[in-house]
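Visitor: Dumping the structure here so I can ask a few things about it.
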Amino acid sequence: MLPHQIAAVKSSINNLGGALDSAWLCLCGALVMFMHAGFAMLETGCCRAKKASNVLMKNLVNVCCGTLGWWSLGWAFAYGGAAENGFIGTTGFFGTGFYTQDSTTGIITPAFCTAGATIVSGAVAERVKSPTYAAYALIMTSFIYPVVVAWTWGGGWLATVFDVSYMDFAGSGIVHLTGGVSGLAGTVVLGPRKGRFVNPEEFEPHNLPLVVLGTFALWFGWYGFNPGSTLTMKTGNDGALAAQVAMNTTLAAATGGITVFVLRYFITKKYDVGGLCNGILAGLVSITAGCGSMECGSAFATGLIGGFVYQGASMLLQKLKVDDPVDASPVHGFCGIWGCMAVALFDWGKGFDHYHGWSGWSCTPGSDGVSCKTGANGTGLGANVVMVLMIIVWAGLLSGISFFVLKRTRMLRISEEVEETGMDSHHHSPPKAYSLSAAPATAGAV
């Protein structure tokens with residue numbers, strides 16, 4: 001084959017690879033987008049009917065503000081050269097550089113983002129002012145979350161800590177812990193809903209069908225969230241890794257759900273559908289960090305332990321009288337921490353010696369670039385402990401300060417009157433999302 005023919009073949013292969021990557025990310029991005037429908041349904045069903053419209057609006061505004069925040073500032077802070085100073089990006093504001101094309105391969109550099117602000121929405125539901133939450137969502141997606149991404153996926157200082165770096169394949173820590181700890185800070189500052197721990201039966205989920213629908217939508221969307229984090233689909237190995245990720249995701253979700261379901265039955269002697277739903281989500285969050293570097297048996301163990309972590313955290317918050325309407329903090333925060341530990345503990349390297357981490361099917365190379373690095377499991381765990389601590393300090397502290405300042409200025413919480421009668425009737429048109437009353441009887445009906 002002549003040189004110009006070889007060049008033409010290489011160009012064709014590169015173009016095909018770029019097209020496959022773009023198609024893969026578009027598909028997975030659409031699945032992740034659908035997760036917002038799941039969040040909206042789950043949160044609405046968990047809250048009271050008199051605030052359903054407000055919860056739905058808050059989820060829609062969250063997506064809109066998050067999109068604008070990420071486009072204008074967030075992407076630049078996360079990926080705009082964060083590797084150069086180790087802390088934050090400085091280029092690419094307002095979409096500049098979204099389409100950065102490699103001069104050799106012609107492939108466009110992907111950018112993959114899911115903001116943690118939606119998680120916060122559930123934690124502070126039913127008592128935060130809507131304009132205030134919209135402003136917080138903008139701050140979260142344009143600064144708080146992007147800086148966490150800059151430290152990690154953006155190539156910042158956590159990507160170089162110790163000698164194997166952190167490991168978080170799809171975001172147990174980067175996405176879920178960031179949202180979970182921020183939500184916990186928000187709900188602690190806000191305080192519980194009026195009467196929440198006096199008449200708890202009045203605060204039970206008003207619509208379990210919506211909760212179940214939301215759970216299935218989130219589970220479905222997670223197949224974009226986790227397999228999509230491969231970011232590429234050019235080779236058989238890429239496809240095999242995405243398939244392994246999908247299998248691990250399914251196993252952990254099913255195991256987490258059954259674990260919490262059984263635990264709740266032993267505790268209450270009743271079937272708890274809401275607990276089953278949150279158990280599924282606990283398993284999903286727990287496996288998100290390690291789904292690309294675990295065997296299926298380890299995914300089962302991760303989901304099993306994740307179910308116990310969620311149940312314990314949920315009971316702890318109830319004991320402390322911390323009001324989290326959807327258990328967002330136990331699911332995303334506490335299980336996010338467990339996921340970051342599990343990815344190092346259950347890495348599928350040979351025994352406890354070889355460590356794969358970001359290397360996928362291959363071991364982490366040693367100093368010679370050929371042999372496998374040995375004794376790296378402990379180092380990998382240490383790196384993830386540092387990541388977890390820094391996310392808690394950064395996201396929890398900034399979110400807590402933001403909510404506290406807003407509270408002091410009386411811009412955070414709705415009035416007692418509005419909380420009692422419902423935000424829908426005071427601030428929304430129509431004044432209620434739907435009617436739960438029985439249809440009037442037809443004249444002459446028996």
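Please read every residue number as a count from 1 along the shown chain.
Just so it is clear, glycine is given a Cβ too, placed from its N, Cα and C backbone atoms.
Where the annotation comes from TrEMBL, it is an automatic prediction and has not been curated.
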Visitor: Between the candidate ranges 97-115, 173-191, 344-362, where does TrEMBL place the transmembrane segment annotation?
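Guide: Feature transmembrane segment in TrEMBL: residues 173-191.
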Visitor: Can you check which of 245-267, 314-336 TrEMBL lists as transmembrane segment?
Guide: 245-267
Visitor: At a threshold of under 8 Å on Cβ distances, which of 173-191, 279-310, 385-406 pairs most often with the transmembrane segment (133-153)?
Guide: 385-406
